[in-house]
Amino acid sequence: MALLLLSLGLSLIAAQEFDPHTVMQRNYNVARVSGVWYSIFMASDDLNRIKENGDLRVFVRNIEHLKNGSLIFDFEYMVQGECVAVVVVCEKTEKNGEYSINYEGQNTVAVSETDYRLFITFHLQNFRNGTETHTLALYETCEKYGLGSQNIIDLTNKDPCYSKHYRSPPRPPMRW
């Protein structure tokens, strides 16, 4: 279950301007990612694992950095049509921005990119029964790993856990 949570791209919903000069792609200060995050997009080379009821399809609600360097992920995923809340700990590895967790095999979760305020992208590698699965988020990053638009799922339109808690209120009609 823990692996599910990390298998997605996370994007912080914020009313701030994106500045490409603040994007980090190495030497991460992971303590700065603690806070409320919302899953926006997921991509995988095995779409069955991130489709509805897939074992890697999760909706992250919160990430907390621990003093020992590990990360706590608070997320929901679907079990028999119901959103189930789960909290998992991913152990820090020797590599900067990389974590490990056992779930449906051995997994590594690594920060791929972040600006610490508006978005963060995690790259998950799952090794199970001799098969390796890659899962990540945000279209721009996906292409770097050979995952095209056909491998991407928009969680904001399709995920019942997302719509249950985080759907934007209806906007008033525009007046011309």
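Keep in mind that glycine also has a Cβ here, set from the backbone N, Cα and C atoms.
Listed features, source Swiss-Prot:
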SIGNAL    1-15  signal peptide
CARBOHYD  Asn68  N-linked glycosylation site
DISULFID  Cys83-Cys161  disulfide bond
CARBOHYD  Asn129  N-linked glycosylation site
Determine, to the nearest whole angstrom, how far the Cα atom of Asn129 (N-linked glycosylation site) is from the Cα atom of Cys83 (disulfide bond). 28
So if I measure Cβ to Cβ from Asn68 (N-linked glycosylation site) and keep only same-chain residues at least 6 apart in sequence, which ones fall under 8 Å? Lys92
Give the residue from the recorded positions Cys83, Asn129 that has the most other Cβ atoms within 10 Å of its Cβ, counting over every protein chain displayed. Cys83
